[in-house]
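Pulled from TrEMBL, these are the features on record:
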BINDING   SER37, GLY38, GLY39, VAL40, ASP41, SER42  ATP binding site
DOMAIN    375-448  domain 'Lysidine-tRNA(Ile) synthetase C-terminal'
Amino acid sequence: MESCLSSSSSQWYSSFLTDFKAELAQLKSTQLYVGYSGGVDSRLLLELACQCFPAKQVTAIHINHGLSARAEEWAQHCQQQCELLGCEFIGLQGNTVVNGAGLEAAARTLRYEKFAETIPEGGVLLLAHHLDDQVETFFLRLMRGAGVHGLKAMASLSRRDHYQLFRPLLSLSKAQLIEWAEHLGLAWIEDDSNDDVLLDRNYLRHNVLPMLEARWPAYRQRIQSSIDLLASGNDAAISQSFVVEQELQHRLSFDQGLKLVQLNDFSEAQMLSLLHAWLLKIGQQVPSKQRLKEIYRAVIHARADATPEVRLGQGAIRRHGPAIYWVADMPEPALPPAVSEQELQYWAGVGWVGLQVSADKQDPTLSLQTGLPNLNWRLRSGGEVIQPAGRSKSRDLKRLLQEYRVKPWLRYRIPLLYSGDQLVAVADLFVVQGYQAGINDPSLRLVWKNSANAD
């Protein structure tokens, strides 16, 4: 039976679903695997996965650890729930071998062994760890004397063996999950072993953490903030390291962009470190970690055909093709200056433009003949169809600019050189057919330093 959500909870869950769908899209997988124990956490995650992804492309993996007399009953329950959802179900039998690390560690080892055997290369596994699990993991590692890396606890997105591991519920508390599951009218099982306080995690959950909550009700969020700070501090150190500097040198484009190719193996923390180092390199003030995450999710994870933009300082971070750029704010283009062959002139909103004598004849497509009358600058008006020097056919300028990979935010600012009313050259890209200089003739070359990169 469904229950009602408060308006604030309803808005929050709607926002979560929007983010979840976007995150799934960025994983670029055609098949999702969900670790499904049958408890409320994994049951809700399975429900959300089937809401946000085609159910036939979702597979629930249930592992029978052989530790409970009700294990077969739970497996049947999970299979029935999958039949109701229309998703695939894989039930696996395992033998939990308890060693010196304890029962919890042995069960966890078994689960990951089964996951690795089942999930194909490049697959995506969703696990239902939530904020309470994160806090418990933090304290358990603290009691074991973990360092900074260990105290960062669980990452939302990481790589394990040959597949990606995604924990989308880490920002939600157990109470929030139960509220949402009850609202959806979901059915789940209760594992009575969760009440066994001889197990370290259960001892924390039932005996220690309630005392913290009584004194500090927001302790979960505070601890998560500390986890984030630990990760941030560690990442800041990494961003100064030789490894990140080497990676940045490899990825920095000639126009100060950050190349994003081959990032599949990068964790979110590594990408935030790379962003941090890149912004320092190009002379921008590094924003807060939350702002870096916004850039990471909105710009780096955008679809290939999208044109995302995140404001930063006196400009914005934008994506074009396989790279991101910080683009300075530019005024609308002003009236053009007179054409000069003596020096570059500043054209507000366009950049520095001019003609220079060229002795280089290796590329005739860039060599403009001298002596053309009535030279003047213009901007695109639309519909221009031209034939670049050296080509056999004409093409519209819009497609040519795409072909030459001119960034979208510069295309309407690109300077066009006319002789009278005849277009003779397009920025520093090419000369129009019929206006290129002869191989032994003096020539000019158009120079354009656009406002986005010029100081």
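Each residue, glycine too, has its Cβ placed from N, Cα and C.
Nobody curates TrEMBL annotations by hand; they come from automatic prediction.
Features recorded in TrEMBL, as mapped to the structure shown.
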residue: SER37; record: ATP binding site; Cβ contacts under 8 Å, 6 or more apart: HIS62, ILE63, TRP74, CYS78, ASP191
residue: GLY38; record: ATP binding site; Cβ contacts under 8 Å, 6 or more apart: HIS62, TRP74, HIS77, CYS78, GLN81, TRP188, ILE189
residue: GLY39; record: ATP binding site; Cβ contacts under 8 Å, 6 or more apart: ALA128, TRP188, ILE189, GLU190, ASP191
residue: VAL40; record: ATP binding site; Cβ contacts under 8 Å, 6 or more apart: LEU177, ILE178, ALA181, LEU186, TRP188
residue: ASP41; record: ATP binding site; Cβ contacts under 8 Å, 6 or more apart: ALA128, HIS129, HIS130, LEU169, LYS174, LEU177
residue: SER42; record: ATP binding site; Cβ contacts under 8 Å, 6 or more apart: VAL34, GLY35, TYR36, LEU127, ALA128
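In the three-state DSSP classification, GLY39 (ATP binding site) falls within coil. Highlighted in sequence order, TYR36, ARG43, LEU44, ALA128, TRP188, ILE189 have their Cβ within 8 Å of the centre of the Cβ atoms of SER37, GLY38, GLY39, VAL40, ASP41, SER42, the residues recorded for ATP, and are not part of that set.
Across the domain 'Lysidine-tRNA(Ile) synthetase C-terminal' (375-448), the model assigns an average pLDDT of 90. The domain 'Lysidine-tRNA(Ile) synthetase C-terminal' (375-448): residue composition by secondary structure is 13 helix, 28 strand, 33 coil, according to DSSP.
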